[in-house]
Amino acid sequence: MADDHPQDQAEHERIFKCFDANGDGKISASELGDALKTLGSVTPDEVKHMMAEIDTDGDGFISFQEFTNFARANRGLVKDVAKIF
């Protein structure tokens with residue numbers, strides 16, 4: 001998207017790679033759960049809810065595009081996450 005700064009794109013890529021533990025180019029529910037545990041305690045229901053919100057095509061994985069779309073819509077949250085990762 002035209003309003004993304006190159007540094008935002010680089011930050012999204014960096015965070016995505018941290019979440020994508022096995023490096024397959026997509027974030028599974030398990031990987032999301034593990035990453036969210038780093039941020040604090042998280043329940044399986046919270047992970048399911050987050051997956052449902054971010055995984056817009058419903059394939060069970062978060063693609064980089066889906067992650068970027070979520071990051072654009074939640075800039076403040078992503079900035080906070082970037083400080084931790």
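Heads up, residue numbers simply count up from 1 along the chain you see.
Cβ coordinates are placed from backbone N, Cα and C, and glycine is handled just like the others.
What Swiss-Prot records for 7-42 is domain 'EF-hand 1', and it gives sequence analysis as the kind of evidence. Residues or ranges marked as Ca(2+) 1 binding site by Swiss-Prot: Asp20, Asn22, Asp24, Lys26, Glu31. Swiss-Prot lists 45-77 with the feature domain 'EF-hand 2'. If you look up Swiss-Prot, you'll see Asp55, Asp57, Asp59, Glu66 marked as Ca(2+) 2 binding site, on the strength of sequence analysis.
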Cβ-based neighbourhood (8 Å from the centroid) of the Ca(2+) 1 site, residues Asp20, Asn22, Asp24, Lys26, Glu31 excluded: Phe19, Ala21, Gly23, Gly25, Ile27, Ser28, Phe61
Assigned element (helix, strand, coil) containing Lys26 (Ca(2+) 1 binding site), judged by DSSP: strand
Nonlocal neighbours by CB distance (under 8 Å) for Asp20 (Ca(2+) 1 binding site), same chain, sequence gap 6 or more: Lys26, Ile27, Glu31
Pairwise Cα distance for Asp59 (Ca(2+) 2 binding site)/Asp24 (Ca(2+) 1 binding site) [Å, integer]: 15
Lowest local Cβ density (other Cβ within 10 Å) among binding-site residues: Asp59, Glu66: Asp59
Environment of Asp55, Asp57, Asp59, Glu66, the listed Ca(2+) 2 site - residues of the same chain whose CB lies within 8 A of the CB centroid: Ile54, Thr56, Gly58, Gly60, Phe61, Ile62, Ser63
Whole-number Å value for how far Asn22 (Ca(2+) 1 binding site) lies from Asp55 (Ca(2+) 2 binding site) (Cα to Cα): 18
Residues near Asp57 (Ca(2+) 2 binding site) in space but at least six apart in sequence (CB under 8 A): Ser63, Glu66
Counts by DSSP class (helix H/G/I, strand E/B, coil) across the domain 'EF-hand 2' (45-77): 23 helix, 3 strand, 7 coil
